[in-house]
Amino acid sequence: MFVASDSQLNWVSRKDAQTMTALIAAATRRVPAVSGGGGLSWPSLPPVGQRALVPVLLLLAALAVPGGPALLLDALSEAYLAVSVFVAGTLLLVGAAERGLGTELGAVLRRNARWQVPIAALLGAFPGCGGAIVALTQFTRGHLSFGGVIATLTATMGDAMFLLLAQAPEVAVLVLGVGVVVGCATGWIVDALHGPEFMRPKASAGSSARPAACATDGGPCASGGTRQPGGLARALERVWLWLLAPGVVIGLAMAFQIEPDAWLAPGLGVHPVFWLGVAGAVGAMALWVLRGRGEVETDGGASAVVDTTSFVTAWVIVAFAGYELAVAGLGLDVAGWFAAAAPVVPLVAVLIGLIPGCGPQILVTSLYLSGAAPLSAQLGNAIANDGDALFPAIAVAPRAAVLATLYSAIPAVLVAYGAYALVG
């Protein structure tokens, strides 16, 4: 489905790769604690060492919780098969569409300013978080208004949409339609109130050189303060790309509740799909640790997709594993909260929707499908949740991300309680 070769994926332009490098370099300065930028840091550790603390801390947390190692492995496999393959696949498809149409999404948005909000809402409506991440990238490039960001985050339901499509497709269509309509309306209102330039990052963000990264991270410096990727990172990237094609196929099957391990494991004695997911997630985390965000020069092609996907995957792993370990370690009972008081269930669902990541949102959808939560809760959560797209948003433009989340909560509450008044 996808061929793991830079030469065969050269439709990702050098301009796109350079822009993504600037985007990720901006994130490096925004999140210094794990990337080696300014502000709070560990002076004795190079950036690679600082990033390596993230998986080390996750492993220590897993060892401290009963059953934690199994939970961590489950989170790794799910992060790759339920998120990473769809992020990479969406980025590849958007790039292919741009090449086929002979244009770029950013150019389309610039030429059609009045349609930015609905285009952004439709990107957000894509199942999974890849479309929302693509829209966020256009915002950081200066091609999309803040209202477009609101439309995207309001319309997206993240990976929970795959579960809803598989088990209740008619409800999924309803939720998608409501999300797009509400997203467009909210985005246009925000742009009318604040103007199209509100919160838009300046074009110069992330353009400065990063000589410190070159000096401390190893590897010869490339132009613009980036490094040439080392041999280990190059080899790992190629292996990871070869895993992507089966990963996308398996991820799509699992999204529609087809479990290949159910019929492979009895004959093989192992769960190959599960371990494929673990390997893909570990590989993505390792690539992020080795290459950082915007610290390695890429020539476009598959490397630009790998950089973005590994960055997002690292955040998703932290979210998935952190959530599961917190539930296990603290004994949280979210289902019990929903059953406690029916009138506040829609509000609780909206508040859960404000939690970054798709794990809690998949839980809400599961509760709805099981009958524990009403449709009003599902609608409120779908509109409020920003999926995994919020993680890179927080890193790249934290003020815009927080404000967009708060703005999306307003229509979520209105829709949730409107639906509660009508259908409960």
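Every residue number used here counts from 1 along the chain in the order it is shown.
Glycine too: its Cβ is placed from the backbone N, Cα and C atoms.
Computed from a predicted structure; not experimentally measured.
Look at TrEMBL and you will find 52-72 (among others) tagged as transmembrane segment.
Counting residues 6+ beyond its ends, the transmembrane segment (79-97) has Cβ neighbours under 8 Å at 2, 9, 11-12, 16, 105, 126-131, 133-134, 159, 162, 244, 247-248, 250-251, 254-255, 273, 276-281, 284, 305-306, 308-309, 312-313, 316-317, 320-321, 358, 388 in the same chain. Summarising the annotation, TrEMBL assigns transmembrane segment to 79-97 (among others).
What TrEMBL records for 117-137 (among others) is transmembrane segment.
For 144-165 (among others), the entry in TrEMBL reads transmembrane segment.
Non-local neighbours of the transmembrane segment (171-190) in the same chain are 117-118, 120-122, 124-125, 145-157, 161, 164-165, 198, 375, 378-379, 382-383, 407-408, 410-411, 415; each lies 6+ residues outside the stretch with a CB under 8 Å from one of its CB atoms. Residues or ranges marked as transmembrane segment by TrEMBL: 171-190 (among others).
Distant neighbours of the transmembrane segment (239-258): 1-5, 80-82, 84-86, 88-89, 127, 159, 162-163, 165-167, 273, 276-277, 279-280, 283-284, 287, 302, 306, 310; these residues of the same chain sit at least 6 beyond its ends, with a Cβ under 8 Å from one of its Cβ atoms. Summarising the annotation, TrEMBL assigns transmembrane segment to 239-258 (among others).
Sequence annotations record features per position, and here TrEMBL assigns transmembrane segment to 270-290 (among others).
Feature annotation from TrEMBL assigns transmembrane segment to 302-323 (among others).
When Cβ-Cβ distances below 8 Å are used as the criterion, the transmembrane segment (335-355) is approached by residues 361, 363-364, 367, 372-374, 376-378, 380-386, 405, 409, 412-413, 416-417, 419-420 of the same chain, each at least six residues removed from its ends. The transmembrane segment feature in TrEMBL is assigned to 335-355 (among others).
For 362-380 (among others), the entry in TrEMBL reads transmembrane segment.
Sequence annotations record features per position, and here TrEMBL assigns transmembrane segment to 400-423 (among others). Within the chain, the transmembrane segment (400-423) has long-range Cβ neighbours (under 8 A, six or more residues past its boundaries) at 139, 146, 149-150, 153-154, 178, 182, 185-186, 190, 199, 201, 343, 346-347, 349-350, 353-354, 374-377, 379-381, 383-384, 386, 390, 393-394.
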### Message
Under 8 angstroms, Cβ to Cβ: which one of 52-72, 117-137, 144-165, 302-323, 362-380 has the largest number of such pairs with the transmembrane segment (270-290)?
### Response
302-323
### Query
Between 52-72, 117-137, 144-165, 302-323, who has the most Cβ pairs under 8 Å to the transmembrane segment (362-380)?
144-165
### Query
By Cβ distance under 8 Å, which residues at least 6 away from the ends of the transmembrane segment (144-165) in the same chain are close to it?
82-83, 86, 109, 116-129, 131-132, 135-136, 138, 171-172, 175-176, 179-180, 182-184, 186-192, 194, 196-200, 255-257, 358, 361-362, 364-366, 369, 378, 382-383, 385-390, 393, 400, 404-405, 407-408, 411-412
